[in-house]
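The structure appears right after this line, and notes come after that.
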Amino acid sequence: MLQKLLLLILICYATADKIETDGRGGGYSLFTWKWDDVHTVYLISVWLLVASLAKILFKLMKPISHILPDSSLLIIVGLAIGYFLNQTSLSGTSLDSHTFFLYLLPPIIFDAGYFMPNRALFENFDSVLLFSVVGTLFNTFAIGGSLMFMAGYGVFTVEFSLFEIFVFSALISAVDPVAVIAIFEEIHVNEFLFINVFGEALFNDGVTVVLYQMFKSFAVIGADNLSAFDYAMGGLSFFVVALGGAAIGVIFTIVVSLATKYSFDVKIVAPVFIFVLPYMAYLTAEMVSLSSIIAIAVCGMLMKQYVKGNISPSAVNSVKYFTKMLAQSSETVIFMFLGLSTISSDHHVDLYFIIATVAFCLIYRAIGIVGQCFVLNKLRGKKFSIVDQFILSYGGLRGAIAYGLVVSMPASIKAKPMFITATIVVIYFTVFLQGMTIKPLVNCLKVKRKEDRDPTMAESVYLKYLDYMMSGVEDIAGMKGHYTFIENFERFNAKVIKPVLMRHEKRQSFDATSIIRAYEKITLEDAIKLANTKSTIQNKRLEKIKSNARNIENRVQPSSQMTVTPKDAQLKRYVESGENIDILYKLFSDLLDRKLSEMNGGEVPRFTLTGTSSEDDIQDDYMAELGSRSNVNTVHRSLEALPSDQTFNRGRRQSTGGLKRTEFNV
C-alpha cells in the first residue's frame, strides 16, 4: 500500500507542472486536443494499418498482384498518402536518416541473416564474396567516374566534386536485399541463382556503407587537405570496418547462445535475448564505427542453429513470426515513406543526370556480372550460364538502403537534392519496371525453377555421403577444399562449440556410422516394395540378392576379432527367413527417426493417424520458403503404432554424424 501511495505521489509531482501550464484559469476541461504530442507515431500507425489492408486488397485483386510486386504496391500507397498529406495541414511529416538506420534497418537485416540458408551460402561463398566486394567496388568507381567525366563537359545543372559523386555512386551501387527477397520469392528461381543474388544483396550493403562513410569523410575534409596517409587509412578502414563488424557479430552470437542456454527455467525471457542482443550488436558496431549491417547479419546467421536447440518449439515459432513481423513492418514504413517523400521532398530534376545514372547502373551491372562470371567459370565446377548471367544482371534491384543513405548525406553537398531525385527514379525504375518484367523474362528464357518438393531420404543421405567422399578425395589429393572444411567444422562443432553453447549437448566423437544405418533403412524399404509387387522379375532379383549374401558369407569366414552384435544376428535371421520384413523396416525407421530427433535436440515428432501434418506459415530459411507454397503434405505414420525391440536399442552407438536435414551453419 505504501508503494502504491509513493507511486501516486511521484506521478502527481511529475504532472503538476504540465497541469499548471495547461490550465489558464478557464476551468477544468474534460477533453483536450493533443495532436502535436502523438501525430508522428499516430501517422506511422495509420500507415502500417493502411498498408496491411492494402496488401490484403491487392492479394484479392489477382490481375494486379500478378503484375505488380508488393514493394511497388507499397510505394503506390505511399504516393497516395503523401498526396493526401500534402493537400492538408498534416504535411511536413518526415522520416530522418537517424530513425531509418537505428530503428527501421536493423529488423530487415536481422531477418535476412536469421533466415539465410547457410549451407547454400557456404557452397557459393566464392561467387557471393566476389559479387558483393569486387562487384560493388567496380560499380562504384565506374558509375562515379563516368558521371564525373560527363560533368567535366558541363552537361549537368549542378556542380559536384569527385568525392561527392563517389558518395552518390557508392550508395546507388547497392543491391537491396528487401527488394530482392520480395521479387525473387514470387518468381521461384532456382537455389543457385537466388543465393547468389540474395547473398550479394546482403553483404554488399555492408561494403556500400563502408565506401559511403569513407567518401563522405573525404568530401567533408576536402581533396586539398587530404594526404597519402589519409588515403592509406581509408583503404585500411575498408577491411577493418568489415572484419570488425563480423567479429562483433560472432561475439554476440556466443553471448546470445549462452544466455538462451541458461534461460530454460525462465523461458519467457529467452526471446528477449534473441532480439535484444543482436540489436545490441548492431548498436555496438555503430558506436565504434564498424559495419553494423555485417555485425547483425553475421549474428543472425550464426546464432540460429544454437538458439533453436536452447528454446522450446513454441518459442522457435514465436521468434520466426515476430522477426518476420518486425521486418515486414519496417519494410512497409520505408517503402511507403519512399512514396511519401516523392511528393513532400524538395527535388531538383536534372533529366540528363537521371538518364545517365539509370543507364550507367544497367550497363556497368551487366559488364561486372559478365566479367566476374567469366573468372568464376574458370575456377569452379558449377558454371554460370548465359541465362544465369542475364538474370543476375537484371536482378540488381535498388531499394531502401540507397534511399536511407542518400537522405543522410550532409547538407553541405549542394547536389544533394539532385542525388535524392535520381536515387528515387532509379529505385522506381528497378522496382517497377525490372520487378514487373523479370517474371515474364524468367518464363520466356525457361530459367530452371526451384523444385516444389522436399528431398527424399535417399537424396539427403547420398548428399551427405558425397560430402564425406569428396572430403576423402581432397585428402588423398593433398588439397584442402571446402568439403574438408565442412568435415573439420562439423567435428569441431560437435566436440567443442555445441556442448558449450547448447543445452543437452555432450562432448561427443564424430561418427559417420549413421550413413550405414540409413543405407540399411533404404535397402530394406526397397526390399519391401519388391516383396509387395510379387512380380517374377522382382522375385528373381530378391533371390539373387539373398544368394549373393549367402555366397559372400560362405567365402568370408568371420575371424576371432569380428564381433557379431545382437542386431546383426537378428537381421540375418529376418533376411534368411523372408518373414516379417515389414516389421523389420518399421523398427529401423522408428529407431532412425528417434535418433535424428535426439541429434536435433528436439522432441520426437508425433503425427496423427489421418496422414496429414501441419506446415509452418514461415519456413526456417528463404530456400525452404521458395518451395513451401506448392509442397504437398506427405503421409506419416504414428510413432505410437510402431513396434519396438529392445535388442535393437542395445549396443547402438551414439553419433554426431550428419543425417539432419539442416543447413550447414558457418
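The chain as shown is numbered from 1 upward.
Just so you know, glycine gets a Cβ as well, placed from its N, Cα and C.
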For this session: Can you dig out which of the ranges 235-257, 258-280 TrEMBL describes as transmembrane segment?
Result: 235-257
Problem set entry | Positions on the same chain near the transmembrane segment (391-413), where near means CB under 8 A and six or more residues out | 71, 96-98, 100-101, 104-105, 108, 131, 160, 164, 167-168, 170-172, 174-180, 183-184, 189, 193, 196-197, 201, 205, 208-209, 212, 216, 219-220, 331, 334-335, 338, 341, 361, 365-366, 369-370, 373, 384, 419-420, 423-424, 426-427, 430-431, 434-435, 438, 441-442, 445, 447
Seminar exercise, completed: Best-packed against the transmembrane segment (128-153), counting Cβ pairs under 8 Å over 193-215, 235-257, 325-345, 351-379, is stretch 351-379
Exercise. Counting Cβ pairs under 8 Å that sit 6 or more residues apart, are there three or more between the transmembrane segment (235-257) and the transmembrane segment (325-345)?
Worked result: no
Exercise. When you check the transmembrane segment (165-184) against the transmembrane segment (419-442), do you get at least 3 Cβ pairs under 8 Å, counting only pairs 6 or more apart in sequence?
Worked result: yes
For this session: Quickly jot the same-chain residues contacting the transmembrane segment (351-379) by Cβ under 8 Å, restricted to those at least six beyond its ends, or write none.
Result: 126-127, 130-131, 134-135, 138-139, 142-143, 146-147, 150, 155-158, 172-173, 388-389, 392-393, 396, 398, 418, 421-422, 425-426, 429
